[in-house]
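Structure, as structure tokens:
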Amino acid sequence: MPENVAPRTGPPAGAAGAAGGRGKSAYQDRDKPAQIRFSNISAAKAVADAIRTSLGPKGMDKMIQDGKGDVTITNDGATILKQMQVLHPAARMLVELSKAQDIEAGDGTTSVVIIAGSLLDSCTKLLQKGIHPTIISESFQKALEKGIEILTDMSRPEELSDRETLLNSAATSLNSKVVSQYSSLLSPMSVDAVMKVIDPATATSVDLRDIKIVKKLGGTIDDCELVEGLVLTQKVANSGITRVEKAKIGLIQFCLSAPKTDMDNQIVVSDYVQMDRVLREERAYILNLVKQIKKTGCNVLLIQKSILRDALSDLALHFLNKMKIMVVKDIEREDIEFICKTIGTKPVAHVDQFTADMLGSAELAEEVSLNGSGKLIKITGCASPGKTVTIVVRGSNKLVIEEAERSIHDALCVIRCLVKKRALIAGGGAPEIELALRLTEYSRTLSGMESYCIRAFADAMEVIPSTLAENAGLNPISTVTELRNRHAQGEKTTGINVRKGGISNILEEQVVQPLLVSVSALTLATETVRSILKIDDVVNTR
């Protein structure tokens, strides 16, 4: 008998069939679903463990190098996972989980994966004790519903007019980032940016596309600024005109150059007279285009980038210069919507449609020099009602600028969360410890397996304070025990003060986060864990 064929020990196939549903013979491979489940759980836990060290203000950063050799330095959970090449399908679910949290709340992308990892760890212990996955799944759903109630009880309502609270929320988000030392500059900038694009009285959400982040290499993060208006990184094409007051701005999508034939034709010019006629015709054609533009009163012209041919010929530039029209070319197609919303202009595809009512207006359009590190074009004092702002991010190198942009995006998302759901909750691991405590009490009111599973869910919540303490160099066991004790005495807002390296009332330290971040993290993590639990087989298809 060959070695790789295991000897059959059970009854022959016919006997198994005859036995019908009796005994274990109806379904031989009972271990496979359990093995698949444990394989999925361990793969997903490996992802959670990979980013555990980057949680909190004292968390470490990751350096990620992609296949092309580009390097990213970050401690944003969503960015780390997005760039990791995860192959296991269950582990990929955690990457998607982090992405979902980034879309929903924008912050808490690391926490949500760590909570999911901890819940999966609890599942392993429950499964090993022989509890059925469906019972675990239903109990976790019950625990989640109770958990959201507990978090909502802990939260306090906030008004958008309370600027101090908004600043504290943005600062808490920025404190765990690489750019944390600049949070005193970036927090007010993020709050002002969001407040300028919404009406605080009626807003229920924020469209972050109204806040454009422009990256410009050079300077330091201290040079970042918020501009009410439009900032373009392109250069002014005609160097003579760099400042225009009372600007009338046109945006064209056609080319200011000699027309090309639709088909590939050749024209043979045999003598100088014909050559002269061709040049004269070209000159007259371009001059006519420029005159039509000037006739509308336009004095700043933005030209969309053309990939087919030169969008702006030297001759056209010469005429525009003579007519004192400032020209900015190579405007990207994706920027056009934002430009139109900001300055109230309309894009024009043909010169015949270029009329005065297509123009936008602004108080000032000028090219600004950035202390030797290039130039920017600023268009300010826009008359149009479009509520948009631009944040200019500066930095000494590409890595710093990109991380600063991600950090500002997270801070903007935190303010957006407060606009969506106007309630705040303490940070520093306080809500998680309170959850663990109250869910444990709740589990005592239940009986049977359900009580046991909810108790395991409660214990899993302690991973956040434990990780925060570990990353801050504190003893996780004594810190979590002390926290439990203080919360049992009714101190709901006691959490880990990472800056001072101890335990204190977190609200007094102004460490706060939107309720939506915590609720979203708990909901999404539980849903993902329940999905992974229900999987008992992985089938590969071609």
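The backbone N, Cα and C atoms fix where each Cβ goes, glycine too.
Residues or ranges marked as ATP binding site by Swiss-Prot: Gly56, Gly108, Thr109, Lys177. Under the heading ADP binding site, Swiss-Prot lists Gly56, Gly108, Thr109, Thr110, Ser111, Asn175, Ser176, Lys177, Gly428, Gln513, citing similarity to another entry as support. Positions annotated as compositional bias 'Low complexity' by Swiss-Prot: 1-16. The omega-N-methylarginine feature in Swiss-Prot is assigned to Arg22; the stated evidence is similarity to another entry. Residues or ranges marked as N6-acetyllysine by Swiss-Prot on the basis of similarity to another entry: Lys24, Lys291, Lys305, Lys322, Lys329. Taken from Swiss-Prot, the feature phosphoserine applies to Ser39, Ser187, Ser205, Ser447. Taken from Swiss-Prot, the feature region 'Disordered' covers 1-31.
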When distances run from the Cα of Gly56 (ATP binding site) to each of the recorded positions Ser39, Ser176, Ser187, Lys291, Lys305, the nearest one: Ser176
Other CB atoms, at most 10 A from the CB of Gly108 (ATP binding site): 32
Which listed residue (Lys177, Lys291, Lys322, Lys329) has most other Cβ within 10 Å, given these are recorded positions: Lys177
CB contacts for Ser176 (ADP binding site) [other CB atoms within 10 A, all chains]: 23
Between Lys305 (N6-acetyllysine) and Lys329 (N6-acetyllysine), the C-alpha gap once rounded to whole angstrom: 7
Of Ser39, Thr109, Ser111, Ser187, Ser447 (the recorded positions), the residue whose Cβ has the fewest other Cβ atoms within 10 Å: Ser447
Gly108 (ATP binding site) in three-state DSSP notation: coil
Residue, out of the binding-site residues Gly56, Gly428, whose Cβ gathers the largest set of other Cβ atoms within 10 Å: Gly428
Neighbour count (Cβ, 10 Å) for Ser205 (phosphoserine): 10
C-alpha spacing of Ser176 (ADP binding site) relative to Ser205 (phosphoserine), in angstrom: 25
Shortest C-alpha distance to Ser39 (phosphoserine) - which of the recorded positions Gly108, Ser111, Ser176, Lys177, Ser187: Ser111
